[in-house]
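Chemist: Got a structure for you, written out below as structure tokens; questions coming shortly.
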Amino acid sequence: MTEKILILDFGSQYTQLIARRVRELNVYCEIHPYNKAPQIDGTVKGVILSGSPCSVREENAPDIDLSLYREKLPLLGVCYGAQLIAHKSGGTVQPSSIREYGRARLNNVHTSDDLFKEIVPDSQVWMSHGDTIVEIPSNFEILSSTETVRVAAYKVKGEDTFGIQFHPEVTHSLQGKELLRNFVVHICGCSQDWTPDAFVETTISELKAKIGTDKVVLGLSGGVDSSVAAVLIHKAIGPNLTCIFVDNGLLRKNEYEEVLNSYKHMGLNVIGVDAKKQFYKSLEGLSDPEAKRKAIGKEFIEVFDQESHKIADVKWLGQGTIYPDIIESVSVKGPSATIKSHHNVGGLPEKMKLKIVEPLNTLFKDEVRRVGKTLGIDDIILKRHPFPGPGLAIRILGDITAEKVAVLQEVDYIFISRLKEKGLYDQVWQAGAILLPVKSVGVMGDERTYENVVALRAVSSMDGMTADWIHLPYDFLADISNEIINRVKGVNRVVYDISSKPPATIEWE
């Protein structure tokens with residue numbers, strides 16, 4: 001079985017970053033809520049306790065039984081985790097005289113200790129805490145300090161138990177990855193053999209054993225996750241996988257034909273379904289974003305169910321669920337409040353009474369892309385920007401008509417094509433155009449016009465949880481605006497969205 005690091009989540013915004021940094025070392029790890037920790041077995045090589053927005057001084061502060069891990073496994077507490085270990089061991093945690101948030105420099109670094117091996121004195125780290133450890137038990141040893149924090153890191157003498165007040169998972173901690181390597185590789189003894197190649201080999205074997213000769217149906221979206229999931233399952237069961245790709249009339253220009261051809265070249269058995277009329281009919285008169293999402297989701301389930309019933313003896317539904325979806329559903333805070341409902345597959349398993357197979361549900365997005373590369377999937381698929389399940393329906397503010405879709409498809413096509421031509425596409429996490437529900441006055445050919453306004457959006461992000469708007473060159477934006485207004489009939493004004501997430505979301509609806 002695969003060896004792993006167990007990360008116990010106390011609600012920190014950075015917990016997923018810890019997991020990503022550990023996995024970048026080719027070491028498998030899992031995140032579990034602190035109050036739903038799994039039983040320790042022989043595969044667990046070490047435990048990391050995350051940060052938290054809580055204080056160990058609070059009456060109902062998140063707590064665990066440290067005896068389950070101490071002196072049994074290497075243990076690393078990060079920020080709140082470090083304070084928790086110290087507090088429960090008899091140390092004193094108090095509010096900081098000044099809240100330390102941002103960059104700090106380590107001093108008095110014990111580089112002789114395995115945790116700080118090759119960490120340079122004066123190394124920059126990232127702090128984010130309101131409490132601080134002011135007294136440590138007699139069997140604790142301070143490993144480093146900062147100008148304002150005496151106990152920036154410590155070790156329990158005679159144990160592989162450590163605490164650090166800073167966040168090594170954040171890129172502002174310049175040697176954070178090295179420190180995590182010291183813990184995971186040198187102290188925990190992980191062998192660094194969790195690679196995309198190893199994942200593919202193991203997953204295909206597991207899928208063969210799990211599915212056997214049963215048939216699987218999978219809905220393709222043209223995106224990375226469903227595509228990689230399909231190829232993995234296909235490698236395991238071959239023609240017993242049938243994929244369904246639905247044209248809901250809300251895709252980008254030429255997308256249906258291009259993606260369908262790509263899938264067929266990949267050797268997948270794909271059924272293409274032209275359902276534009278059904279989707280447009282279900283969206284008639286709807287302008288509320290949530291109502292549009294739900295209508296699209298309901299229609300997708302109907303279409304997918306109809307097509308699936310044409311395939312005899314299907315037992316499994318394949319899905320491209322990835323690890324952040326799983327983490328969110330079992331997070332410390334519980335499932336998040338619904339900001340936007342998921343567009344399609346939510347009702348499928350119940351309606352179709354199929355067993356679920358999710359081969360990517362342990363992977364982050366960047367890992368899915370690396371696995372796709374290992375599988376030989378073309379960059380046209382792997383490097384595609386995320387595209388919302390409801391498609392252009394949530395980029396057309398207000399009601400949906402075929403005419404509006406056609407206008408937005410042309411605008412989007414120009415924007416994306418020029419990003420690719422100028423070498424900017426791969427620098428952007430996600431880009432697209434939005435048709436606004438307003439018109440503006442303009443002048444074209446000495447005549448007054450009163451036509452549509454479109455917004456362009458381009459953001460950078462690691463995982464879509466947060467995002468910054470991209471500073472596209474002014475000349476590029478000027479050229480794009482000019483081309484859109486001249487080529488797309490019905491548009492006389494172009495604006496550029498310079499909002500970050502939060503407070504805005506990436507999509508407008």
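Cβ atoms are placed via backbone N, Cα and C, with glycine included.
The active site, nucleophile annotation in Swiss-Prot covers Cys79. Annotation comment: Swiss-Prot describes His167, Glu169 as active site. Look at Swiss-Prot and you will find Ser221, Gly222, Gly223, Val224, Asp225, Ser226, Ser227 tagged as ATP binding site, backed by sequence analysis. Residues or ranges marked as domain 'Glutamine amidotransferase type-1' by Swiss-Prot: 4-193. Per Swiss-Prot, the feature domain 'GMPS ATP-PPase' maps to 194-384.
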Chemist: Within the same chain, and leaving aside Ser221, Gly222, Gly223, Val224, Asp225, Ser226, Ser227, name every residue whose CB is within 8 angstroms of the centroid of the CB atoms belonging to the recorded ATP site, in sequence order.
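Modeler: In sequence order, the nearby non-listed residues are Leu220, Val228, Ala229, Gly320, Ile381, Arg384.
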Chemist: Whole-number answer please: how many Å between the C-alpha atoms of Ser221 (ATP binding site) and Glu169 (active site)?
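Modeler: The Cα atom of Ser221 (ATP binding site) is 33 Å away from the Cα atom of Glu169 (active site).
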Chemist: Taking the domain 'GMPS ATP-PPase' (194-384) alone, what is its mean pLDDT?
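Modeler: PLDDT averaged over the stretch: 87.
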Chemist: Consider the binding-site residues Gly222, Gly223, Asp225, Ser226 and say which one has the Cα lying nearest the Cα of Cys79 (active site, nucleophile).
Modeler: Asp225
Chemist: Output the one of Glu169, Asp225 that, of all these recorded positions, has the highest number of other Cβ atoms within 10 Å of its Cβ.
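Modeler: Sorting the candidates by Cβ neighbours within 10 Å, the top entry is Glu169.
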Chemist: Rounded to an integer, what is the Cα-Cα distance in Å between Asp225 (ATP binding site) and Glu169 (active site)?
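Modeler: About 25 Å separate the Cα atoms of these two residues.
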Chemist: Need the DSSP three-state call for Ser221 (ATP binding site) to compare against my parser.
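Modeler: Reduced to three states, the DSSP call for Ser221 (ATP binding site) is coil.
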Chemist: If you skip the near sequence neighbours and keep only those at least six away, which residues in the chain come within under 8 angstroms of Ser226 (ATP binding site), Cβ to Cβ?
Modeler: Leu218, Gly219, Leu220, Gln319, Gly320
Chemist: Which has the fewest other CB atoms in a 10 Å radius around its CB: Ser221, Ser227, the listed binding-site residues?
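Modeler: Each of the binding-site residues Ser221, Ser227 was scored; lowest Cβ tally within 10 Å is Ser221.
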Chemist: Quick one: of the binding-site residues Gly222, Gly223, Val224, Ser227, which has its CA closest to the CA of His167 (active site)?
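Modeler: Closest recorded candidate to His167 (active site) by Cα: Val224.
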Chemist: Tell me, by DSSP, whether Cys79 (active site, nucleophile) is helix, strand or coil?
Modeler: coil
Chemist: Express the distance between the Cα positions of Val224 (ATP binding site) and Glu169 (active site) as a whole number of Å.
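Modeler: About 26 Å separates the two Cα atoms.
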Chemist: For the residue listed as 'active site, nucleophile', what is the tally of other C-beta atoms lying within 10 angstroms of its C-beta?
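Modeler: I get 24 for this one.
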Chemist: How big is the gap, in Å, between the Cα of Gly222 (ATP binding site) and that of Glu169 (active site), rounded to a whole number?
Modeler: 32
Chemist: Taking the Cβ of Gly223 (ATP binding site) as reference, which residues of that chain separated by at least 6 in sequence fall under 8 Å from it?
Modeler: Gly320, Arg384, Pro386, Phe387
Chemist: Quick one, of the recorded positions His167, Gly222, Val224, which Cβ has the fewest other Cβ within 10 Å?
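Modeler: Least crowded of the recorded positions His167, Gly222, Val224, by Cβ count within 10 Å, is Gly222.
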